[in-house]
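Undergrad: Provided herewith is a single structure, encoded as structure tokens, for subsequent inquiry.
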Amino acid sequence: PYYVDMNQNLFLEASLRSSDQDLTVFVDTCVASPNSSDFRTVVYELIKSGCARDPTYTLFPSPRSDVARFGFNAFSFANRFQSVFLQCELAVCRYHDYSSRCYQGCVSRFKRNADS
């Protein structure tokens with residue numbers, strides 16, 4: 001566990017452990033939940049499909065392509081829960097493969113009307 005005060009800046013880093021130096025990592029989705037085993041019922045989206053959902057979410061420059069750094073302000077779920085758990089999905093891609101998910105950035109998915 002990592003203990004922080006409300007609204008304190010929380011900084012995270014995800015690094016890829018591989019001998020392949022030609023890989024890059026991308027933070028695609030991060031959701032928070034008050035339940036460590038349920039990330040569907042009560043969730044708060046920090047970032048989804050590469051798009052920031054929380055106004056305090058920030059992606060920081062990284063010294064290497066195999067490291068992703070990001071942060072946000074600590075929060076609680078309506079003061080009813082003492083803990084907040086984080087689950088993130090990251091993409092691993094070939095470095096400089098501009099057609100890969102890692103280089104697409106924010107992807108908004110639009111639903112089409114079934115009648116059209």
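Just so it is clear, glycine is given a Cβ too, placed from its N, Cα and C backbone atoms.
Relevant sequence annotations retrieved from TrEMBL are reproduced here:
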DOMAIN    1-109  domain 'ZP'
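Can you tell me where each of these features sits in the structure?
TA: Taken together, the residues of the domain 'ZP' (1-109) have an average pLDDT of 92.
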Undergrad: With DSSP as the yardstick, break the domain 'ZP' (1-109) down into helix, strand and coil residue counts.
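TA: Residue counts in helix, strand and coil order: 3 helix, 45 strand, 61 coil.
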